Amino acid sequence: MKILRKNHPLLKIVNHSFIDLPTPSNISSWWNFGSLLGMCLVIQILTGLFLAMHYTSDTATAFSSVAHICRDVNYGWLIRYLHANGASMFFICLFIHVGRGIYYGSYVLSETWNIGIILLLTTMATAFVGYVLPWGQMSFWGATVITNLLSAIPYIGSTLVEWIWGGFSVDKATLTRFFAFHFILPFIIAAFALVHLLFLHETGSNNPSGLNSDSDKIPFHPYYTIKDLLGIFLLLLVLMTLALFFPDVLGDPDNFTPANPLNTPAHIKPEWYFLFAYAILRSIPNKLGGVLALVLSILILAAFPLLNTSKQHGLIFRPVTQTIYWIFIANLLVLTWIGGQPVEYPFTTIGQIASITYFTIIIILIPVSNTIENNIIKL
């Protein structure tokens, strides 16, 4: 078996990626989230496949087909709630994974980092089109509001929106194409994930100390396979608890009402994992400015390798930047809270302050703290 996995053309690739892969001996549980994201993707593809067998992408029957899945299909309710809450688990793991990358300076592996940003954007696009499919009130109005933002693009905006809608409003054509996108995008995510791994294994993994670990590496299996299995079991425990005991806690009550173009919900808002970006969008009174800020709130992650001037790797020995990092995390939580609140005082003011803080920390405070710490080292 050992000879086979080392010499077989296909097994050799698996062997170099998951069995004999030289891994730093000191990586902590924060490094588990990569494998958890892989697990989440598998769960989402499998549950999504079974849901697609019973779902109909037609405005007249989409809502009732979801109700049919929950009521008449064997364990349909479980598959549906695993898929819906699986998306939330996916984004929790995704945000922790990105947060760990920032904290431990993994962005210096620029190819891996940039593919990761593409993965984040693709996952967000997949989640957005997926949220439209149940064709509830928030699905319909969320799709209308978010796609309508493209009309802010000069010259081609209005044409682009009508092209995406497939008409003059969100309707049957929109739902059909969103279903097609939602079906194909997870497989594109899987392909990007393989490229992400390919780039990671070219350079080797980062580690908590931020030091070169070439002299102290251990095989991935059995040490980290067992460690990852523990993480997977804990993830499944949380996911099953959510799906079985609190299935609708992360959803929106408006989505229990079929889509009605004549009745606008009091507060249109996306799923919780988009609220931070939605808060940034709403903080700018100008439509085009808001759209640019929304896009930049994600794309600014690509600036981390460019703005990095520190002589140390990661934040473990950098108390000044560490403090700024935790302020940044707290600020993100404030933005998430504000995104779910109505557009009125004091929420708008808090949102504007938090949005300015978000960009200020990344563009100004972190590079300045890097310079301060570099000068402290020289003393």
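Cβ atoms are placed via backbone N, Cα and C, with glycine included.
What Swiss-Prot annotates here:
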- 33-53: transmembrane segment (TRANSMEM)
- 77-98: transmembrane segment (TRANSMEM)
- H83, H182: heme b b562 binding site (BINDING)
- H97, H196: heme b b566 binding site (BINDING)
- 113-133: transmembrane segment (TRANSMEM)
- 178-198: transmembrane segment (TRANSMEM)
- H201: ubiquinone binding site (BINDING)
- 226-246: transmembrane segment (TRANSMEM)
- 288-308: transmembrane segment (TRANSMEM)
- 320-340: transmembrane segment (TRANSMEM)
- 347-367: transmembrane segment (TRANSMEM)
Would you mind ranking the binding-site residues H83, H97, H201 by how many other Cβ atoms sit within 10 Å of each Cβ and giving me the lowest?
H201
Residues satisfying Cβ distance under 8 Å from H196 (heme b b566 binding site), sequence separation of at least 6:
T112, I115, G116, L119
Whole-number Å distance between the CA of H182 (heme b b562 binding site) and the CA of H97 (heme b b566 binding site)?
23
Checking distant contacts: for the transmembrane segment (178-198), what same-chain residues at least six beyond its ends satisfy Cβ-Cβ under 8 A?
17, 37-38, 41, 44-45, 48, 52, 55, 57, 112, 115-116, 118-119, 122-123, 125-126, 129-130, 132-133, 143
Among the recorded stretches 33-53, 77-98, 226-246, which has the greatest number of Cβ pairs closer than 8 Å to the transmembrane segment (113-133)?
77-98
Close approaches to the transmembrane segment (77-98) from elsewhere in its chain (Cβ under 8 angstroms; 6 or more beyond its ends):
30, 33-34, 36-37, 40-41, 43-44, 47-48, 50-51, 66, 69-71, 116, 120, 123, 127, 130, 235, 238-239, 242-244, 247, 250-251, 271-273, 301
Cβ neighbour count within 10 Å of H182 (heme b b562 binding site):
22
If one measures from the C-alpha of H201 (ubiquinone binding site) to the C-alpha of H83 (heme b b562 binding site), what distance in angstrom results, rounded to a whole number?
30
Can you tell me the three-state DSSP label for H182 (heme b b562 binding site)?
helix
Secondary structure of H83 (heme b b562 binding site) (DSSP, helix/strand/coil):
helix
Whole-number Å only: compute the distance from the Cα of H83 (heme b b562 binding site) to the Cα of H97 (heme b b566 binding site).
20
